[in-house]
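To start, the structure itself, in structure tokens.
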Amino acid sequence: MEKKKNERMLWLAVLFVCFQLTASFQNQLKASFRYQSSIISKTRTSVIHRYETYRDITLIHLYIPQHTLFASFKFTGDETRMSIFACKPRDVSLYMKYGAPPVINPDDSTFPKDFKNITRSKLHHIEFMTDNKDQYINLTSPYPGWYYVAVFLSYVNPKFSAITQQGLGPSCYANVEALLYVEKISNPLIVSENHLMEVISISNTSRYFKTYITDDYDHALIQVETIDLAPNVESMKIRIDVGKPSSQNTFIAAKSFYSNSNDTSITFWTVPGSWHYIEIVFESEKELSSISSKATFRLKRFSNLIENLDEYQFLSNKAYFNNSITKIYRNRSLSTLIPYKQYALVRDGLSDTFTFSFVLESEMQHNTIIPVNMTNDHFSAFKFSIRDGTEIGGTLQFIMAFKPRLRRIDKAVSFESEPKSNVIVACLSRYVMELPVWPNKCVTRNSERTSELILNSTVENSTILVPYPELGTWYATFKLFCHNCSSCNCPENCQDSFNACVDACELDCDISCQDCITNCSRALIETEECKGCDCDGPCLRKGAPSCNSSIVYDISSRQCISGQCSPNGLCRFMVSDGVVFSTCNCINKYRGWDCSDGSFATPYYMLVIELLLLVLSNLAFLPAVYVAFKRKYYVESLAYFSICFFSTFYHSCDAGENIISFCLTKSNALQFGDFFCALLAIWVTLIAMADLAPMWTSISQMAGAVTLAFCTSIDKMALWVFMVPVASGIFIIIGSWFLKYKKVKQPFINRRYIRIELPLGTTVVVVGLIMFAFLQTKDNYKYLHSLWHVLMACAIILLLPKTNTFMPEALV
């Protein structure tokens, strides 16, 4: 009995240990599936400005690391008060995109006609206010790399923007803070070709793998060897994505597998030179279960290199295809099987920023332009890469033209025109190569768009401009067509037979797997039923005439637009958050990416009116000069003449928008003279109104001139520079008049001056100040500022005392 009891206790102990080990294993298994969450970046902008041109944006960039399943960008706008007035929240516009600065036109200005939105990443846009409320942009399965954010105070039509005087309203600095939060998967296991992989997982929990696809492969296959589903688990789901972990709604291929199904494989088309993520999840309607499911699978990759050129004799001509790789473009369509030549372009750069070209290796070796020869039996592809940061701030241009045809007759050489039937369809794309298709399409395996670049005998050259090209691998593909298109008619049952043939071949093959699609296609096309499937895109290939041509090309990057802007703009480099980009700085109220949009530009006759109003209105000060001289205010007369002189020449330089302007000297010097003489005129007028003794008048005038010159040089726009002489002058007037009245005990000022001239002059000044400070906009500036000149001149005549305004000094 004792022995059996001990055995029973031993078995209980073993079972307990096994249970603990199982629980520990399940906990570790669950832990391995947990996502890693963290805040990885926080950036605060400098002061953001109101958008008028692209140079007004503030650009920041944030980095999303590899293996990120979810990313959340949080943006918060706030105001920093720099004056006694409270700040009001202002509207902020924010644009974000992957790979390069966003190309935007918030002012609805026009883009150049050759600008193309080529495979641009999604542009995210939000509007919010500087009220300290959080705004979010959430991305599921984002591409890893740099995300560029352009932020600015929302665009307002500048014609109606008020011209605010510094110090008369709140002075606030707007800023935006950006915080990046990411959720990453644990390091996924790397899958090698034909290596048996095992996955063990609890239900509804994703397990990730990844595999690298080199440039020689165009598709791959996952073959499920075994599958053992736990109770209550319905199926095993496989999702695949390129460059980033897949999720429930983002993938390039997905398929469910069941225990009793004969369908045990999933095929997916690959992107060369990229990591491909494989997500495996055992799906169940119930919550997480402690019982694991497991499966095993293998990965096969299939090359699209053409190793036996005997099958494609025209591709073996070295005179046509030098330094290139021969491949075949294919998908699961029986009618799409087209050979092509791929050329790897080499970067040929200059030390100038954003100035470089992509050329053939032979062009660099021989330092000469080498045309690309082509036939209508294939298409050609250029492959090149835009590097991170240093190459995204310019404009990428792709220019293509026919090479002139030369004809020799004896010793004479003549030019021949390109045959009218020759047409080249070209495509430019990032990340995925597009197939040029007749008559004007660019096709991928799951999308189609209209080509932006068509070359024929009536077009000398065709151009595509891509502003701020995104980093990564780019493809320029082009194909020659020279015949009428006979419609391709491929029966549906031929396509079904083709799919079955390829599936069986790729599952069973061991060595020549890359020939499955080619062999199946050739075998079916040779049959009578499927002979209509021998196609070149939508056109029947059989019986089509052959032709050839040669092209010259330019794939290069330049600052702004071909290194320059329109005559109404200057190309400038901007730096924000360490990112350098080129942009056009427009003048004369022109807008647009290259400053060619003149919809807001001032007509020439209005420029003449503006110049005449702002310049000739200063002549209103000449009567004030005469009146002051006649009343024996000689210093004041000189001050009024100075303001007339400097204001006239300052506005002749500032008005006219650099089209009909005239600058006597530097604009800054003229502006200083204008502001200083205006303040000096105010000061000497107030001193004259105070009726001081001659000694104190001279001292006050000289001290004021020195002080005003000093203050104006510090900040001529500041409100305090204006208030100091005005407040001091009024204080001196009140003090002087009070002392005189106390001394004589009777009115000592002329009644007409007190009752008419002083109130009327003060009213004119107040009206002028209200108009100057609160009513001016950029649109009405020429009218109100000219009226301001006239009102101030009238106010001087009214306020400047006459010789009989005050009681004689002897009587006082």
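Cβ atoms are placed via backbone N, Cα and C, with glycine included.
From a predicted model like this one, the values you see are computed outputs, not experimental measurements.
Here TrEMBL flags 1-24 as signal peptide. What TrEMBL lists as domain 'EGF-like' is 556-596. Marked as disulfide bond by TrEMBL: C586-C595. If you look up TrEMBL, you'll see 604-629, 675-697, 717-739, 760-777, 783-800 marked as transmembrane segment.
Ranked by Cβ pairs under 8 Å to the transmembrane segment (604-629), the stretches 675-697, 717-739, 760-777, 783-800 are led by 783-800. Within the same chain, residues at least 6 positions away in sequence whose Cβ sits under 8 Å from that of C586 (disulfide bond) are T53, C565, N568, G569, G592, C595. The transmembrane segment (783-800) and the transmembrane segment (717-739) are not in contact, since fewer than 3 Cβ pairs between them lie under 8 Å (pairs 6 or more apart in sequence). All protein chains considered, the CB of C595 (disulfide bond) has 27 other CB atoms within 10 Å. Mean per-residue pLDDT, taken over the domain 'EGF-like' (556-596), amounts to 90. Residues 165-168, 679, 682-683, 685-687, 689-692, 700, 704, 707-708, 711, 749 of the same chain, all 6+ positions outside the transmembrane segment (717-739), place their C-beta atoms under 8 angstroms from a C-beta of that stretch. Taking DSSP states H, G and I as helix and E and B as strand, the domain 'EGF-like' (556-596) has 0 helix, 22 strand, 19 coil.
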